[in-house]
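What TrEMBL says about this one:
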- 12-36: transmembrane segment (TRANSMEM)
- 80-102: transmembrane segment (TRANSMEM)
- 109-130: transmembrane segment (TRANSMEM)
- 211-234: transmembrane segment (TRANSMEM)
- 263-281: transmembrane segment (TRANSMEM)
- 301-321: transmembrane segment (TRANSMEM)
- 328-346: transmembrane segment (TRANSMEM)
- 352-374: transmembrane segment (TRANSMEM)
- 395-418: transmembrane segment (TRANSMEM)
- 438-462: transmembrane segment (TRANSMEM)
Amino acid sequence: ESRERLSVCSKLCYAVGGAPYQITGCALGFFLQIYLLDVAQLDPFSASIILFVGRAWDAITDPMVGFFISKTSWTRFGRLMPWIIFSTPFAVISYFLIWFVPDISRGQVMWYLVFYCIFQTLVTCFHVPYSALTMFISREQSERDSATAYRMTVEVLGTVLGTAIQGQIVGKVDTPCIESPFFIGKANSSVAMEELNMTHDTGSLTDTRNAYMIAAGVIGGLYILCAVILSVGVREKRESSELQSDEPVSFFRGLKLVMNHSAYIKLIAGFLFTSLAFMLLEGNFALFCTYTLGFRNEFQNILLAIMLSATLTIPLWQWFLTRFGKKTAVYVGISSAIPFLIMVAVLDSNLIVTYIVAVAAGISVAAAFLLPWSMLPDVIDDFKLQHPDSHGHEAIFFSFYVFFTKFTSGVSLGISTLSLDFAGYQTRGCSQPREVNFTLKMLVSAVPVGLILLGLLLFKLYPIDEEKRRKNKKALQDLR
(Lines of atoms letter the chains of each structure in order from A and count residues from 1; the text may use other names and numbers.)
(Lines give C-alpha, C1' and ligand atoms only; values in the text may rest on other atoms or scores of the structure.)
Protein backbone atom coordinates (compact mmCIF):
# COMPACT_ATOMS: atom_id res chain seq x y z
CA GLU A 1 0.00 0.00 0.00
CA SER A 2 2.82 2.40 0.80
CA ARG A 3 4.37 1.71 -2.63
CA GLU A 4 1.08 2.70 -4.26
CA ARG A 5 0.96 6.10 -2.59
CA LEU A 6 1.22 9.03 -5.00
CA SER A 7 3.26 12.14 -4.27
CA VAL A 8 1.59 15.53 -4.22
CA CYS A 9 3.64 16.47 -7.29
CA SER A 10 2.34 13.44 -9.22
CA LYS A 11 -1.25 14.24 -8.25
CA LEU A 12 -0.83 17.87 -9.34
CA CYS A 13 0.72 16.90 -12.68
CA TYR A 14 -2.10 14.40 -13.22
CA ALA A 15 -4.70 17.01 -12.25
CA VAL A 16 -3.30 19.63 -14.64
CA GLY A 17 -4.10 17.29 -17.53
CA GLY A 18 -7.82 17.80 -16.91
CA ALA A 19 -7.64 21.56 -17.52
CA PRO A 20 -7.51 21.65 -21.37
CA TYR A 21 -10.79 19.80 -21.77
CA GLN A 22 -12.55 22.07 -19.28
CA ILE A 23 -11.01 25.34 -20.50
CA THR A 24 -11.98 24.72 -24.13
CA GLY A 25 -15.28 23.07 -23.20
CA CYS A 26 -16.28 25.98 -20.98
CA ALA A 27 -15.38 28.58 -23.61
CA LEU A 28 -17.35 26.67 -26.26
CA GLY A 29 -20.24 25.87 -23.94
CA PHE A 30 -20.81 29.41 -22.71
CA PHE A 31 -19.82 31.45 -25.76
CA LEU A 32 -20.18 29.41 -28.99
CA GLN A 33 -23.93 29.88 -29.30
CA ILE A 34 -23.84 33.66 -28.86
CA TYR A 35 -20.73 33.82 -31.10
CA LEU A 36 -22.45 31.98 -33.96
CA LEU A 37 -25.59 34.11 -33.66
CA ASP A 38 -24.24 37.61 -33.01
CA VAL A 39 -20.62 37.59 -34.30
CA ALA A 40 -20.56 35.09 -37.17
CA GLN A 41 -24.16 36.24 -37.86
CA LEU A 42 -25.61 32.84 -38.66
CA ASP A 43 -29.35 32.33 -38.42
CA PRO A 44 -30.60 30.35 -35.38
CA PHE A 45 -31.51 27.30 -37.50
CA SER A 46 -27.95 27.01 -38.90
CA ALA A 47 -26.49 27.55 -35.44
CA SER A 48 -28.70 24.77 -34.04
CA ILE A 49 -27.46 22.39 -36.77
CA ILE A 50 -23.82 23.16 -35.90
CA LEU A 51 -24.38 22.75 -32.16
CA PHE A 52 -26.38 19.54 -32.49
CA VAL A 53 -24.22 17.79 -35.11
CA GLY A 54 -21.00 18.89 -33.36
CA ARG A 55 -22.12 17.56 -29.95
CA ALA A 56 -23.61 14.39 -31.49
CA TRP A 57 -20.37 13.73 -33.37
CA ASP A 58 -18.43 14.43 -30.19
CA ALA A 59 -20.54 11.79 -28.45
CA ILE A 60 -19.95 9.21 -31.20
CA THR A 61 -16.18 9.72 -31.12
CA ASP A 62 -15.97 8.72 -27.43
CA PRO A 63 -16.78 5.01 -27.91
CA MET A 64 -14.79 5.03 -31.19
CA VAL A 65 -11.69 6.29 -29.41
CA GLY A 66 -12.39 3.88 -26.54
CA PHE A 67 -12.44 1.05 -29.07
CA PHE A 68 -9.10 2.04 -30.64
CA ILE A 69 -7.50 2.53 -27.21
CA SER A 70 -8.56 -0.99 -26.23
CA LYS A 71 -6.71 -2.22 -29.34
CA THR A 72 -3.58 -0.18 -28.58
CA SER A 73 -0.47 -2.05 -27.47
CA TRP A 74 1.73 -0.88 -24.63
CA THR A 75 4.70 1.32 -25.53
CA ARG A 76 7.55 2.68 -23.45
CA PHE A 77 5.38 5.79 -22.90
CA GLY A 78 2.38 3.67 -21.87
CA ARG A 79 -0.81 2.74 -23.67
CA LEU A 80 -2.77 5.97 -23.09
CA MET A 81 -0.10 8.68 -23.07
CA PRO A 82 0.75 8.54 -26.83
CA TRP A 83 -2.87 9.43 -27.63
CA ILE A 84 -2.62 12.50 -25.41
CA ILE A 85 0.72 13.66 -26.83
CA PHE A 86 0.02 13.30 -30.56
CA SER A 87 -3.52 14.74 -30.55
CA THR A 88 -2.58 18.00 -28.80
CA PRO A 89 -1.05 20.18 -31.60
CA PHE A 90 -3.79 19.35 -34.11
CA ALA A 91 -6.50 20.01 -31.51
CA VAL A 92 -5.09 23.48 -30.82
CA ILE A 93 -5.07 24.40 -34.53
CA SER A 94 -8.65 23.27 -35.09
CA TYR A 95 -9.81 25.07 -31.93
CA PHE A 96 -8.39 28.36 -33.19
CA LEU A 97 -10.15 27.97 -36.56
CA ILE A 98 -13.52 27.57 -34.82
CA TRP A 99 -13.22 31.19 -33.62
CA PHE A 100 -12.15 32.54 -37.02
CA VAL A 101 -14.77 34.17 -39.29
CA PRO A 102 -13.89 33.17 -42.88
CA ASP A 103 -14.25 35.80 -45.60
CA ILE A 104 -16.59 33.71 -47.72
CA SER A 105 -20.16 34.49 -48.70
CA ARG A 106 -21.18 30.84 -48.78
CA GLY A 107 -19.99 27.86 -46.83
CA GLN A 108 -19.70 29.48 -43.40
CA VAL A 109 -21.98 26.86 -41.87
CA MET A 110 -19.82 24.07 -43.32
CA TRP A 111 -16.64 25.81 -42.07
CA TYR A 112 -17.82 25.88 -38.46
CA LEU A 113 -19.36 22.42 -38.65
CA VAL A 114 -16.19 20.80 -40.04
CA PHE A 115 -13.72 22.42 -37.64
CA TYR A 116 -16.04 21.96 -34.66
CA CYS A 117 -16.28 18.23 -35.43
CA ILE A 118 -12.51 17.94 -36.04
CA PHE A 119 -11.75 19.63 -32.73
CA GLN A 120 -14.24 17.44 -30.86
CA THR A 121 -12.59 14.34 -32.32
CA LEU A 122 -9.10 15.46 -31.32
CA VAL A 123 -10.06 16.61 -27.81
CA THR A 124 -11.73 13.21 -27.34
CA CYS A 125 -8.40 11.58 -28.28
CA PHE A 126 -7.00 13.55 -25.35
CA HIS A 127 -9.76 13.26 -22.78
CA VAL A 128 -10.86 9.60 -23.03
CA PRO A 129 -7.34 8.23 -22.39
CA TYR A 130 -6.81 10.89 -19.74
CA SER A 131 -10.01 9.88 -17.94
CA ALA A 132 -9.06 6.20 -18.10
CA LEU A 133 -5.61 7.10 -16.73
CA THR A 134 -7.27 7.32 -13.28
CA MET A 135 -7.20 3.51 -13.13
CA PHE A 136 -3.52 3.34 -14.17
CA ILE A 137 -1.87 5.69 -11.67
CA SER A 138 -2.50 3.55 -8.57
CA ARG A 139 -4.30 0.42 -7.41
CA GLU A 140 -5.29 2.06 -4.12
CA GLN A 141 -8.86 3.34 -4.10
CA SER A 142 -8.04 6.08 -1.60
CA GLU A 143 -5.17 7.33 -3.78
CA ARG A 144 -7.39 7.37 -6.87
CA ASP A 145 -10.07 9.27 -4.94
CA SER A 146 -7.49 11.77 -3.75
CA ALA A 147 -6.10 12.20 -7.28
CA THR A 148 -9.65 12.65 -8.56
CA ALA A 149 -10.24 15.42 -6.01
CA TYR A 150 -7.05 17.16 -7.20
CA ARG A 151 -8.22 16.70 -10.78
CA MET A 152 -11.69 18.09 -10.14
CA THR A 153 -10.25 21.12 -8.37
CA VAL A 154 -8.00 21.86 -11.34
CA GLU A 155 -10.80 21.14 -13.81
CA VAL A 156 -13.14 23.59 -12.10
CA LEU A 157 -10.22 26.03 -12.03
CA GLY A 158 -9.98 25.32 -15.76
CA THR A 159 -13.58 26.39 -16.20
CA VAL A 160 -12.72 29.58 -14.29
CA LEU A 161 -9.79 30.18 -16.66
CA GLY A 162 -11.93 29.42 -19.70
CA THR A 163 -14.65 31.78 -18.48
CA ALA A 164 -12.17 34.48 -17.42
CA ILE A 165 -9.98 34.41 -20.54
CA GLN A 166 -12.82 34.19 -23.04
CA GLY A 167 -15.18 36.46 -21.11
CA GLN A 168 -12.75 39.21 -20.09
CA ILE A 169 -11.00 39.48 -23.47
CA VAL A 170 -14.27 39.46 -25.41
CA GLY A 171 -16.01 41.60 -22.77
CA LYS A 172 -13.52 44.45 -23.32
CA VAL A 173 -15.05 44.95 -26.77
CA ASP A 174 -18.66 46.03 -27.19
CA THR A 175 -20.36 43.77 -29.70
CA PRO A 176 -22.49 46.03 -31.91
CA CYS A 177 -26.22 45.41 -32.02
CA ILE A 178 -29.06 46.57 -34.22
CA GLU A 179 -32.34 47.98 -32.99
CA SER A 180 -35.47 46.11 -34.03
CA PRO A 181 -36.08 46.96 -37.70
CA PHE A 182 -39.71 48.01 -37.18
CA PHE A 183 -39.37 50.61 -39.90
CA ILE A 184 -38.45 48.17 -42.68
CA GLY A 185 -40.79 48.64 -45.62
CA LYS A 186 -42.09 52.03 -44.44
CA ALA A 187 -39.77 54.23 -46.49
CA ASN A 188 -36.68 53.89 -48.61
CA SER A 189 -34.94 56.52 -46.51
CA SER A 190 -35.49 54.42 -43.41
CA VAL A 191 -33.98 51.39 -45.10
CA ALA A 192 -31.01 53.48 -46.16
CA MET A 193 -30.60 54.69 -42.58
CA GLU A 194 -30.59 51.10 -41.32
CA GLU A 195 -27.93 50.14 -43.86
CA LEU A 196 -25.88 53.13 -42.72
CA ASN A 197 -26.14 51.97 -39.09
CA MET A 198 -25.01 48.48 -40.05
CA THR A 199 -22.02 49.89 -41.95
CA HIS A 200 -21.12 52.04 -38.95
CA ASP A 201 -21.10 48.92 -36.75
CA THR A 202 -18.74 46.97 -39.01
CA GLY A 203 -15.55 48.29 -37.42
CA SER A 204 -16.70 47.35 -33.95
CA LEU A 205 -17.74 43.89 -35.15
CA THR A 206 -14.23 43.39 -36.54
CA ASP A 207 -12.80 44.26 -33.12
CA THR A 208 -15.12 41.68 -31.56
CA ARG A 209 -13.98 39.00 -34.02
CA ASN A 210 -10.32 39.81 -33.28
CA ALA A 211 -11.01 39.54 -29.55
CA TYR A 212 -12.42 36.03 -30.00
CA MET A 213 -9.29 34.99 -31.94
CA ILE A 214 -6.95 36.44 -29.29
CA ALA A 215 -8.82 34.49 -26.61
CA ALA A 216 -8.55 31.33 -28.72
CA GLY A 217 -4.78 31.84 -29.05
CA VAL A 218 -4.31 32.24 -25.28
CA ILE A 219 -6.43 29.14 -24.55
CA GLY A 220 -4.53 27.13 -27.19
CA GLY A 221 -1.23 28.01 -25.49
CA LEU A 222 -2.58 26.82 -22.11
CA TYR A 223 -3.77 23.57 -23.75
CA ILE A 224 -0.22 22.79 -24.94
CA LEU A 225 1.36 23.74 -21.60
CA CYS A 226 -0.99 21.45 -19.63
CA ALA A 227 -0.38 18.54 -22.02
CA VAL A 228 3.39 18.91 -21.57
CA ILE A 229 3.12 18.96 -17.75
CA LEU A 230 0.90 15.84 -17.79
CA SER A 231 3.17 13.84 -20.12
CA VAL A 232 6.33 14.77 -18.19
CA GLY A 233 4.98 14.47 -14.63
CA VAL A 234 2.81 11.32 -14.70
CA ARG A 235 3.95 7.72 -15.14
CA GLU A 236 1.38 5.28 -16.46
CA LYS A 237 1.68 2.13 -14.33
CA ARG A 238 0.92 -1.00 -16.25
CA GLU A 239 0.66 -3.13 -13.12
CA SER A 240 -2.08 -0.86 -11.71
CA SER A 241 -4.49 -2.06 -14.36
CA GLU A 242 -3.55 -5.70 -13.67
CA LEU A 243 -3.23 -6.24 -17.43
CA GLN A 244 -0.55 -8.86 -17.81
CA SER A 245 -0.43 -9.36 -21.57
CA ASP A 246 -0.36 -7.34 -24.76
CA GLU A 247 -3.21 -9.37 -26.25
CA PRO A 248 -5.84 -6.94 -27.55
CA VAL A 249 -9.03 -6.90 -25.56
CA SER A 250 -12.20 -7.94 -27.37
CA PHE A 251 -14.00 -4.60 -27.52
CA PHE A 252 -17.48 -5.88 -28.27
CA ARG A 253 -17.26 -8.62 -25.65
CA GLY A 254 -16.09 -6.02 -23.17
CA LEU A 255 -18.88 -3.63 -24.24
CA LYS A 256 -21.48 -6.33 -23.67
CA LEU A 257 -20.11 -7.03 -20.20
CA VAL A 258 -19.99 -3.33 -19.32
CA MET A 259 -23.52 -2.62 -20.53
CA ASN A 260 -24.84 -5.59 -18.57
CA HIS A 261 -23.28 -4.26 -15.37
CA SER A 262 -26.24 -3.01 -13.33
CA ALA A 263 -24.39 -0.45 -11.19
CA TYR A 264 -22.92 1.23 -14.29
CA ILE A 265 -26.28 1.60 -16.03
CA LYS A 266 -27.90 3.04 -12.90
CA LEU A 267 -25.05 5.50 -12.38
CA ILE A 268 -25.37 6.68 -15.99
CA ALA A 269 -29.16 7.00 -15.68
CA GLY A 270 -28.88 9.19 -12.59
CA PHE A 271 -26.17 11.52 -13.81
CA LEU A 272 -27.42 11.71 -17.38
CA PHE A 273 -30.29 14.01 -16.44
CA THR A 274 -28.45 16.05 -13.81
CA SER A 275 -25.52 16.67 -16.19
CA LEU A 276 -27.97 17.57 -18.94
CA ALA A 277 -29.56 20.18 -16.67
CA PHE A 278 -26.25 21.96 -16.08
CA MET A 279 -25.26 21.74 -19.76
CA LEU A 280 -28.56 23.29 -20.83
CA LEU A 281 -27.98 26.08 -18.32
CA GLU A 282 -24.41 26.54 -19.59
CA GLY A 283 -25.43 26.73 -23.25
CA ASN A 284 -28.10 29.41 -22.77
CA PHE A 285 -26.78 31.42 -19.82
CA ALA A 286 -24.93 34.05 -21.89
CA LEU A 287 -28.06 34.79 -23.94
CA PHE A 288 -30.19 34.81 -20.77
CA CYS A 289 -27.93 37.36 -19.04
CA THR A 290 -27.60 39.50 -22.16
CA TYR A 291 -31.24 39.73 -23.20
CA THR A 292 -33.59 38.56 -20.42
CA LEU A 293 -31.73 40.12 -17.49
CA GLY A 294 -30.33 42.99 -19.56
CA PHE A 295 -26.72 42.58 -18.32
CA ARG A 296 -25.03 42.77 -21.74
CA ASN A 297 -21.74 44.05 -20.28
CA GLU A 298 -21.82 42.00 -17.06
CA PHE A 299 -22.59 38.42 -18.07
CA GLN A 300 -18.90 37.40 -18.29
CA ASN A 301 -18.39 38.59 -14.69
CA ILE A 302 -21.49 36.69 -13.51
CA LEU A 303 -20.14 33.52 -15.14
CA LEU A 304 -16.81 34.11 -13.45
CA ALA A 305 -18.54 34.42 -10.05
CA ILE A 306 -20.22 31.03 -10.58
CA MET A 307 -16.96 29.30 -11.51
CA LEU A 308 -14.90 30.88 -8.73
CA SER A 309 -17.51 29.79 -6.20
CA ALA A 310 -17.41 26.25 -7.64
CA THR A 311 -13.61 26.10 -7.46
CA LEU A 312 -13.46 27.18 -3.83
CA THR A 313 -16.07 24.63 -2.71
CA ILE A 314 -14.58 21.51 -4.36
CA PRO A 315 -12.55 20.72 -1.17
CA LEU A 316 -15.75 21.11 0.86
CA TRP A 317 -17.54 18.45 -1.21
CA GLN A 318 -14.49 16.17 -1.08
CA TRP A 319 -14.65 16.35 2.74
CA PHE A 320 -18.44 15.91 2.69
CA LEU A 321 -18.40 12.74 0.56
CA THR A 322 -15.71 11.13 2.73
CA ARG A 323 -17.65 12.04 5.89
CA PHE A 324 -21.23 11.28 4.83
CA GLY A 325 -20.87 9.14 1.70
CA LYS A 326 -21.10 9.81 -2.02
CA LYS A 327 -24.82 9.14 -2.44
CA THR A 328 -25.69 11.62 0.32
CA ALA A 329 -23.36 14.18 -1.29
CA VAL A 330 -25.24 13.75 -4.58
CA TYR A 331 -28.63 14.47 -3.04
CA VAL A 332 -27.45 17.44 -0.97
CA GLY A 333 -25.10 18.96 -3.52
CA ILE A 334 -27.07 18.80 -6.74
CA SER A 335 -30.51 19.50 -5.25
CA SER A 336 -29.15 22.70 -3.68
CA ALA A 337 -29.17 24.30 -7.15
CA ILE A 338 -32.97 24.08 -7.46
CA PRO A 339 -34.02 27.10 -5.32
CA PHE A 340 -31.44 29.33 -7.00
CA LEU A 341 -32.51 28.30 -10.50
CA ILE A 342 -36.07 29.21 -9.56
CA MET A 343 -35.02 32.53 -7.99
CA VAL A 344 -33.10 33.76 -11.03
CA ALA A 345 -36.19 33.33 -13.23
CA VAL A 346 -38.85 34.56 -10.79
CA LEU A 347 -37.21 37.65 -9.28
CA ASP A 348 -37.00 40.95 -11.14
CA SER A 349 -33.73 41.79 -12.85
CA ASN A 350 -31.32 42.96 -10.15
CA LEU A 351 -27.54 42.83 -10.53
CA ILE A 352 -26.71 42.37 -6.82
CA VAL A 353 -29.27 39.57 -6.41
CA THR A 354 -27.95 37.94 -9.58
CA TYR A 355 -24.39 37.88 -8.20
CA ILE A 356 -25.60 36.39 -4.91
CA VAL A 357 -27.53 33.69 -6.77
CA ALA A 358 -24.47 33.04 -8.99
CA VAL A 359 -22.17 32.47 -6.00
CA ALA A 360 -24.72 30.16 -4.34
CA ALA A 361 -25.31 28.21 -7.57
CA GLY A 362 -21.56 27.69 -7.96
CA ILE A 363 -21.60 25.51 -4.82
CA SER A 364 -23.94 23.09 -6.56
CA VAL A 365 -21.91 23.22 -9.79
CA ALA A 366 -18.89 21.99 -7.79
CA ALA A 367 -20.82 18.93 -6.62
CA ALA A 368 -21.97 18.21 -10.17
CA PHE A 369 -18.33 18.33 -11.33
CA LEU A 370 -16.80 16.19 -8.61
CA LEU A 371 -19.26 13.42 -7.88
CA PRO A 372 -19.72 11.61 -11.24
CA TRP A 373 -15.98 11.17 -11.75
CA SER A 374 -15.44 10.23 -8.12
CA MET A 375 -18.06 7.45 -8.27
CA LEU A 376 -17.15 5.86 -11.60
CA PRO A 377 -13.96 4.16 -10.25
CA ASP A 378 -16.16 2.52 -7.58
CA VAL A 379 -18.30 1.02 -10.35
CA ILE A 380 -15.19 -0.25 -12.15
CA ASP A 381 -13.94 -1.89 -8.95
CA ASP A 382 -17.35 -3.54 -8.52
CA PHE A 383 -17.11 -4.80 -12.11
CA LYS A 384 -13.63 -6.25 -11.49
CA LEU A 385 -14.93 -8.26 -8.56
CA GLN A 386 -17.72 -9.73 -10.67
CA HIS A 387 -15.43 -10.34 -13.68
CA PRO A 388 -11.95 -10.97 -12.21
CA ASP A 389 -10.62 -12.53 -15.43
CA SER A 390 -11.73 -9.69 -17.71
CA HIS A 391 -9.24 -6.80 -17.90
CA GLY A 392 -8.64 -3.65 -19.94
CA HIS A 393 -12.20 -2.30 -20.11
CA GLU A 394 -11.52 0.99 -18.31
CA ALA A 395 -11.64 3.07 -21.52
CA ILE A 396 -15.04 1.55 -22.39
CA PHE A 397 -16.47 2.59 -19.02
CA PHE A 398 -15.24 6.16 -19.34
CA SER A 399 -15.96 6.64 -23.05
CA PHE A 400 -19.58 5.43 -22.96
CA TYR A 401 -20.19 7.37 -19.76
CA VAL A 402 -19.23 10.52 -21.65
CA PHE A 403 -21.03 9.37 -24.83
CA PHE A 404 -24.53 9.37 -23.32
CA THR A 405 -24.02 12.74 -21.64
CA LYS A 406 -22.65 14.44 -24.75
CA PHE A 407 -25.23 13.02 -27.13
CA THR A 408 -28.17 14.14 -25.03
CA SER A 409 -26.56 17.56 -24.49
CA GLY A 410 -26.26 17.89 -28.28
CA VAL A 411 -29.94 17.10 -28.68
CA SER A 412 -30.90 19.56 -25.93
CA LEU A 413 -28.73 22.40 -27.31
CA GLY A 414 -30.06 21.83 -30.82
CA ILE A 415 -33.64 21.88 -29.58
CA SER A 416 -33.06 24.93 -27.37
CA THR A 417 -31.55 26.94 -30.27
CA LEU A 418 -34.43 25.87 -32.52
CA SER A 419 -36.83 27.00 -29.79
CA LEU A 420 -35.23 30.46 -29.92
CA ASP A 421 -35.68 30.44 -33.70
CA PHE A 422 -39.40 29.61 -33.37
CA ALA A 423 -39.75 32.30 -30.68
CA GLY A 424 -38.44 34.90 -33.15
CA TYR A 425 -34.78 35.42 -32.11
CA GLN A 426 -33.25 38.44 -33.88
CA THR A 427 -29.58 38.04 -34.79
CA ARG A 428 -27.49 40.94 -33.38
CA GLY A 429 -30.59 42.50 -31.91
CA CYS A 430 -30.13 44.97 -29.04
CA SER A 431 -33.24 43.41 -27.48
CA GLN A 432 -35.40 40.38 -28.13
CA PRO A 433 -39.16 39.80 -28.36
CA ARG A 434 -41.06 38.82 -25.21
CA GLU A 435 -41.42 35.25 -26.50
CA VAL A 436 -37.63 34.86 -26.74
CA ASN A 437 -37.14 36.10 -23.16
CA PHE A 438 -39.80 33.68 -21.91
CA THR A 439 -38.13 30.81 -23.80
CA LEU A 440 -34.75 31.67 -22.25
CA LYS A 441 -36.32 31.65 -18.76
CA MET A 442 -37.67 28.17 -19.39
CA LEU A 443 -34.30 26.94 -20.72
CA VAL A 444 -32.28 28.12 -17.70
CA SER A 445 -34.84 27.52 -14.95
CA ALA A 446 -37.88 25.28 -15.37
CA VAL A 447 -36.33 22.65 -17.67
CA PRO A 448 -33.09 22.22 -15.65
CA VAL A 449 -35.08 21.93 -12.39
CA GLY A 450 -37.23 19.18 -13.90
CA LEU A 451 -34.15 17.32 -15.19
CA ILE A 452 -32.41 17.51 -11.79
CA LEU A 453 -35.46 16.12 -9.99
CA LEU A 454 -35.74 13.26 -12.50
CA GLY A 455 -32.02 12.47 -12.19
CA LEU A 456 -32.12 12.37 -8.39
CA LEU A 457 -35.18 10.12 -8.52
CA LEU A 458 -33.37 7.67 -10.81
CA PHE A 459 -30.25 7.85 -8.67
CA LYS A 460 -32.07 6.16 -5.78
CA LEU A 461 -31.61 2.92 -7.75
CA TYR A 462 -27.79 3.17 -7.62
CA PRO A 463 -26.66 0.19 -5.48
CA ILE A 464 -23.14 1.14 -4.28
CA ASP A 465 -23.45 2.88 -0.92
CA GLU A 466 -20.61 3.39 1.57
CA GLU A 467 -20.97 -0.08 3.11
CA LYS A 468 -20.87 -1.77 -0.29
CA ARG A 469 -17.87 0.36 -1.30
CA ARG A 470 -15.88 -0.69 1.80
CA LYS A 471 -16.69 -4.36 1.19
CA ASN A 472 -15.55 -4.07 -2.42
CA LYS A 473 -12.30 -2.43 -1.36
CA LYS A 474 -11.51 -5.23 1.10
CA ALA A 475 -12.47 -7.92 -1.42
CA LEU A 476 -10.15 -6.40 -4.05
CA GLN A 477 -7.28 -6.28 -1.57
CA ASP A 478 -7.86 -9.96 -0.71
CA LEU A 479 -8.02 -10.82 -4.42
CA ARG A 480 -4.67 -9.16 -5.06
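From the backbone N, Cα and C atoms, a Cβ is placed for every residue, glycine too.
A TrEMBL annotation is a machine prediction, not a hand-curated record.
Between the transmembrane segment (328-346) and the transmembrane segment (395-418), the number of CB pairs under 8 angstroms, six or more residues apart, is fewer than three, so the stretches are not in contact. Most Cβ pairs within less than 8 Å of the transmembrane segment (80-102), among stretches 12-36, 211-234, 263-281, 352-374, 395-418, belong to 211-234.
Sequence-distant contacts of the transmembrane segment (263-281), counting only residues of its own chain at least 6 positions beyond either end whose CB sits under 8 Å from a CB of the stretch, comprise 29, 330, 334, 337, 341, 365, 368, 371-372, 375-376, 379, 382-383, 397, 400-401, 404-405, 408-409, 412-413, 416, 443-444, 447-449, 451-452, 454-456, 458-459, 461-464.
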